Amino acid sequence: MASPAAVISSLLFYSFIAASTVAANFHGDFDITWGDGRGKIVNNGDVLTLSLDKASGSGFQSKNEYLFGKIDMQLKLVPGNSAGTVTAYYLSSKGSNWDEIDFEFLGNLSGDPYILHTNVFSQGKGNREQQFYLSFDPTADFHTYSILWNPQRIIFSVDGTPIREFKNLESMGVPFPKDQPMRIYSSLWNADDWATRGGVVKTDWTQAPFTASYRNFNANACIWSTGSSSCSSNSPTASNPNNEWLSQELDSSNQERLHWVQKNYMIYNYCADTKRLSQAGF
């Protein structure tokens, strides 16, 4: 595992910018759902900001529901001393047996790297966490965080580099999120009881308000509305090459990049947590 100092170095040789660069208008695609004015859409709808102060955080959700898609969003995270804060960006369905695909960014003391926390819920069951250090300062500029979700797999990517693949293993009895449409959500909130070093480092409210920014949202996805999908099938067709992501998988080059990232930047993998697995009876 790379040291915290090393992870700030650039990975540009291994990274490429995600292909999705078309910015949607946040007024048309998202609703600010909570925060009493702490969430704002600015720059004629091109940028959305969420803020957190001692009173509360803020959050938004997409107007559309999706059942499979390639979702891109550029984020610039809370700068400075962000300890205790969590910026969550995720897909989720509703109900007690919900599905969910998570990016969560755990704030840290100034100079220490953010931790990128990923998780996948299916039928209400999560506990499938993988965590990574980022190879850059995510507060200095916008970076693209992508979720590719099709019936075979979920791929998490950062600036086009895959960092995690969650495969459909229903044949082995593992539920996979493929039947419930999901909305896109994001929130900025205080979690200093656990977010930074297990809750040892608390939020410094003298640094508030804490602000994260969003831009260049793009969804090449199947929109779910009134019980049906905008995609005619769950597989790409010659007449619609834009939905090739419906069967996309990692080629050998991207598999190598994925393994390189996991070898050098992964700091937690639920599959390797033998103590936790033994406590769960596995």
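Note: Cβ is positioned from N, Cα and C throughout, glycine not excepted.
Keep in mind the model is a prediction, meaning the values are calculated, not measured.
Annotated active site, nucleophile per TrEMBL: E100, in sequence order. Residues or ranges marked as active site, proton donor by TrEMBL: E104. Residues or ranges marked as domain 'GH16' by TrEMBL: 7-214. The N-linked glycosylation site feature in TrEMBL is assigned to N108. Annotation source TrEMBL lists signal peptide at 1-23.
The average per-residue pLDDT of the prediction over the domain 'GH16' (7-214) is 91, rounded to a whole number. Reported as a whole number, the C-alpha separation between N108 (N-linked glycosylation site) and E100 (active site, nucleophile) equals 25 Å.
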